[in-house]
Amino acid sequence: MARWRSASYKARERINQRYAPHNDLLHHRTIYCNDLEKNKQFSFKGNSISTTKYNVLTFLPKGLFEQFRRVANLYFLMISILSATPVSPVNPITNAVPLVLVISVSLIKEAYEDWKRFFNDKTINSTMVDVLRDGHWRKLPWRRLVVGDIVKVHKDSFFPADLLFLASTNQDGVCYVETSNLDGETNLKIRKALERTWDYVDEERAKEFQGEIQCEQPNNSLYTFTGNLIIGKQTLPVTPNQLLLRGCSLRNTEFIVGVAVFTGHETKVMMNAMNVPSKRSTLERRLDMLILILFSILFIMCFIDSICSGIFINRKYWYLGLTSDVEDQFNPGNRFLVACLTFLTFVTLFSPIIPISLYVSIEMIKVFQVTQFINKDVKMYHKETNTPALARTSNLNEELGQVEYIFSDKTGTLTRNLMEFFKCSIGGVIYGKGVTEIEKAAARRNGTGIEEMESPAESHEKYFNFDDDRLMRGAWRNEPNPELCKEFFRCLAVCHTVLPEGDELPEKIVYQAASPDEAALVTAAKMFGFFFFRRTPTSIRVRESHVEKIGRMQDVEYEILNVLEFNSTRKRQSVICRYPNGRLVLYCKGADSVIYERLMERHNPFKDTNRDHLEYFGAAGLRTLCLAYRDLDINAYEMWNEKFVQAKSALRDREKKLDEVAELIEKDLILIGSTAIEDKLQEGVPVCIETLAKGGIKIWVLTGDKLETAINIAYACSLMNNGMKQFIINSDTKEIRDVEDRGDALETAQVIERYVAERLNESLRQAVESEQTQTGLELALVIDGRCLMYALDPELRGTLLKLSVMCKAVVCCRVSPLQKAQVTSMIKDGAKKITLSIGDGANDVSMIQAAHIGVGISGLEGMQAVMASDFAIAQFRFLTDLLLVHGRLSYLRISKVVAYFFYKNLMFTLTQFWFNLYTGFSGQRFYDDWFQSLYNVVFTALPVIIVGIFDKDVSITNSRKYPQLYKAGIENIFFRWRILIIWAISAVYQSVILFFFPIKAIEEGKNSSGRMLGLWDAGTMAFTCVVVTVNLRLFLACNFITRWHLISIFGSILAWFIFAFFYSGFRNPLDKQGNIYQVIFVIMGTWYFWYAIVLVPVASLALDFLHEGMRRWFAPYDYHIIQEEEKIKGVERDELLLVESPRQAPEQSLELTGLHGEMSKHTGYSFDSPCFDSFFASQEGVSMSQRSYDIARRASMRVSRRQSSDLGSDSPPPGHNSLI
């Protein structure tokens, strides 16, 4: 009982929070129109804007601060400073030059980008606009505009600030605005000035205007505005309908006049101009950990060598000259000080272990991947809308190759967001004979046939795909309820905010609607004979035909008294209108849940029947709305309207008060019927989802639709199937409905919470049992928004998480934008999995920003999702290319690049470490300073970049044909610690070979004059072997070799020789001691050098060659097997086309006959791949256990094949049968 008392308390708190008053508006802004002197006292911000990050004074300090926030840059700054001290064995300039080069490149890039921003700002600030000054219109630049100025904006011009709309050249104070720069929506919006200000159009009237504006403080809410305009003693409420936002443009209007309310950085568009939250990839965070490990290795090596140096140093080594006056670093009398100073010496000597060029190289690779591969991929180009793919960041390329969970919106993401009026229910009768795609899919799923009837051509129009002779062409007059049909059509024609454009003819008019649903409903009214063709701020005109007599038409003007607008909380829209005969009617349309709550208890005989029809529509995948009306008494309406005007004039909590007033009149409604609109699936969605699922990706659908609609969409797009065990948690149960009917919100909350807890625990128990007893059974979870609200509570969140991660598919219906973000965060933070969210509307922004990767679809709901995303595509099916091709290859390439950097720098540093074992831990350098300095930035820099750009394990076609390859990224196979340990072992082995072989050669070697070779001869020879070995090692790492690989690898080796010739060929100031002078020519004159640069790299790479061969032979990666197939069949053309998944035959024997009968002939590293056949069996859906293979078995199979071939037998060889 204590638990439920706690739940009761939480439920009461939730209810109290929901209805608690908000005090968002603590202060208001006062503006005096057309009065500069009075406004000066408020010190409003000017209209000049600046989007730059730097100015002349702050560029250098701020830019350097940004660069040295990177740990690697800060580390090399410390090394450069340390190398200038006496303890350093290297020339400080050799450490400073690479650092200066890297920092300079970054600063130049920052300066160039900021200069472009400055130039754009200057252009915008210099744009001219008409401003009323000294009683005359004067053209002034935008930057000189101030709050309170009266401005005139002409057609097709942008608004210079947030303006209060006063008047326009159009009748009734109307103007048309395009908001595409704000939200991406190209449909025009109507804005209406207050009737009191309509006549302030010309110069004479405008200069007389004096008023006071009291409004909210500047904020970033684009769709809200609260304020009052005071003219004389009259106070007029101002709404968002009178606000013209900066960044929008004027259309279809000669000019408008307005007052500047917010300017510059206080405008709503500028307050929204914040950067999308910065995201870092998981691999990049692991890279930071790798850098820390390298720091640890550096510390250990320095610590060991410094301790050994303190122990080793002794005056008994008389040849070292350690006299009493020797410097402190070599004074045996203070071994502790010797160890400390030598520690700093080794820090500078071993500093190359941290690669200075790593971050720059990775950034170059990522930028190239984005600009040349993703953005220019013609297979992700949508020809119909002329929309290419767009990567808005290069930070997350490799993250695309590790996605395990996709969270998808439905409308406009899985579907086309091209709404068509398809069916309806009027007075308890269903109209419409069409069959939806969902119904066809359900019929195929159940194995039943369905008869599909073709609609007559005249019933097809954009937004309208309805066929039923009972309603078309005036036949509705013969229906049992013609008056109710008439109310239905009038509700469609009147209750909306659609704007008509063009000629007032049914075939030529164009409807500008806020959503495709609105356009579909108004188009349906037109097709039924109620043609809406004109709108003014106070009326709507409808051309009604077939009302009284067939063939007769009548233009009817409905006076619009009030519009109670739709929002995500109300989920409904109402219009109060007056008929020409004086009748007052409230028309309301909205979600069934909110309409049914407001129906009159009596006089609604079709209530239950209509609910059944709604369930039928939902099962068919249709979007539904309920329509209702109410006749109003004039006296009751006037009393209500007074309250409405008061709420509309409130400066504080206006939206809440308007909602409360709307509740007073939106009641006792009479149900008319319901509409059903079809939103068809996008092309290729089922195949895309099926392909991604084979790649190990789990897809969740988060939608605001009804449960039945969401489930059927999931079936239609192959997200769910009949073979899945489904757990459905739905608040629409009889028990919950009975409690709701009693009207006790607290009791309802308690019942729902108890129900959700029981269902979650029971579902989890069944899921665990199913997983243990039924191998291979797939699970699916369906939960609605009300239940999800309680399931996300801390007490139940863990249970929900455990259940959901066990499911292959999850569908959340009736969810809010906040819940979408909460579900995404639950998996991201709770399950620690890589997540991707994809959506197309403003309601998906929070979900997109909550995920590791956000993908926006540039659809019909504007560009809000795109502007908040990391990647933008035009169609859902393009996710196949984005993830399976670009994401997987980016992950493979970046993983290889990072591991290679780790290997080559560790190996190079270890050769210095071994050398100091030979020199008594003295801190003597093995290589010349410039050799060490240019090792990373010149001699080994370009090849790894080429690999990071062009490396490819299999063809693009096979990347899609075998989506199972993607699982390597999900499991992080190529960047786990085991891989890095293998690279580290290789580095240690090679460092031993690369150091001791040249040293042994030098000990016995003599130059052409008979002299022994010295330190710099050994160091130069060893460095040559290092450069050759490190560059050739990339051939073993590459899967795909192009001419760019060859040019970069051999070019880097050639660059070393060219540098060595020039550097050691002349005495130069860079080599003050003359250590390297003529060294390269001396050692090249000996046979030891040529012997070493051939045998040492071969011996160094032997272990890697053996490892790669053993890997391919005994434990091949999946891509190794695909490479074998490509070798056998020949590599297919790399066309970026979606390849259908291999078709599964009904019988296993038939499947096995389709498997590859030939064994591999590809010898990637001189070895064949053994697990070839079992892999392809798994691709075809054949269950085969992994078995061990050996050379003898493979050889026997080949012998068997040859014998069978010689005998001409058609039976499979014995070796082949052993695979089954």
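Placement of Cβ uses the backbone N, Cα and C atoms for every residue, glycine included.
Quick look at what TrEMBL lists:
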type	residues	note
ACT_SITE	Asp409	active site, 4-aspartylphosphate intermediate
BINDING	Asp409, Lys410, Thr411, Glu518, Phe566, Lys589, Arg623, Thr703, Gly704, Asp705, Arg814, Lys820, Asn843, Asp844	ATP binding site
BINDING	Asp409, Thr411, Asp840, Asp844	Mg(2+) binding site
COMPBIAS	1211-1220	compositional bias 'Pro residues'
DOMAIN	31-95	domain 'P-type ATPase N-terminal'
DOMAIN	125-188	domain 'P-type ATPase A'
DOMAIN	866-1116	domain 'P-type ATPase C-terminal'
REGION	1195-1220	region 'Disordered'
TRANSMEM	289-313	transmembrane segment
TRANSMEM	336-360	transmembrane segment
TRANSMEM	897-918	transmembrane segment
TRANSMEM	930-950	transmembrane segment
TRANSMEM	980-1001	transmembrane segment
TRANSMEM	1013-1032	transmembrane segment
TRANSMEM	1044-1064	transmembrane segment
TRANSMEM	1076-1103	transmembrane segment
For the transmembrane segment (1044-1064) and the transmembrane segment (980-1001), decide whether they are in contact, meaning at least 3 CB pairs lie under 8 A, counting pairs 6 or more apart in sequence.
no
Pop the Cα-Cα gap between Asp840 (Mg(2+) binding site) and Arg623 (ATP binding site) into the table, whole Å please.
17
With contact taken as 3 or more Cβ pairs under 8 angstroms (pairs 6 or more apart in sequence), are the transmembrane segment (897-918) and the transmembrane segment (1076-1103) in contact?
no
Find the one among the recorded positions Asp409, Asp840, Asp844 whose C-alpha lies closest to that of Gly704 (ATP binding site).
Asp409
Using a Cβ cut-off under 8 Å, which residues of the same chain at least 6 positions beyond either end of the transmembrane segment (930-950) come close to it?
90, 94-95, 97-98, 101-102, 352, 355-357, 361-362, 364-365, 368-369, 893-894, 896-897, 900-901, 904-905, 908, 1019-1020, 1023, 1026-1027, 1030-1031, 1034, 1037-1038, 1040, 1042, 1044-1045, 1048-1049, 1051-1052, 1055-1056, 1059, 1063, 1070-1071
Of the recorded positions Asp409, Phe566, Arg814, which sits closest to Asp844 (Mg(2+) binding site) by Cα distance?
Asp409
Between the two most separated Cα atoms in Asp409, Lys410, Thr411, Glu518, Phe566, Lys589, Arg623, Thr703, Gly704, Asp705, Arg814, Lys820, Asn843, Asp844, the residues recorded as binding ATP, what distance in Å do you get?
25
Alpha-carbon spacing, Asp409 (active site, 4-aspartylphosphate intermediate) to Asn843 (ATP binding site), which is rounded to whole Å:
9
Phe566 (ATP binding site) to Asp840 (Mg(2+) binding site): how many Å between their Cα atoms?
20
So which residues does the transmembrane segment (289-313) touch in its own chain, when a touch means Cβ under 8 Å and the partner is 6 or more beyond its ends?
71-72, 75, 322, 330, 332, 335-336, 338-340, 342-343, 346-347, 350-351, 353-354, 898, 902, 905-906, 909, 913, 916, 920-923, 980
How many Å lie between the Cα of Arg814 (ATP binding site) and the Cα of Asp840 (Mg(2+) binding site)?
17
Could you check the binding-site residues Thr411, Asn843 and say which one's CB has the most other CB atoms within 10 Å?
Thr411
So how many of the residues in the domain 'P-type ATPase A' (125-188) end up helix, strand or coil by DSSP?
11 helix, 30 strand, 23 coil
I need to check the long-range neighbours of the transmembrane segment (1076-1103): which residues 6 or more away from its ends have a CB within less than 8 Å of a CB in the stretch?
928, 986, 989-990, 993-994, 997-998, 1001-1002, 1005-1008, 1013, 1016-1017, 1020-1021, 1024-1025, 1028-1029, 1032-1033, 1036, 1057, 1060-1061, 1063-1067
Relative to the Cβ position of Arg814 (ATP binding site), how many further Cβ atoms are located within 10 Å?
23
Binding-site residues: Phe566, Arg623, Gly704, Asp840, Asp844 - member with fewest neighbouring CB atoms within 10 Å:
Phe566
Local confidence of the domain 'P-type ATPase C-terminal' (866-1116) - pLDDT mean:
87
Secondary structure tally of the domain 'P-type ATPase N-terminal' (31-95) (DSSP, helix then strand then coil):
31 helix, 2 strand, 32 coil
With every protein chain in view, what's the tally of Cβ atoms within 10 Å of the Cβ of the residue listed as 'active site, 4-aspartylphosphate intermediate', excluding that atom itself?
29
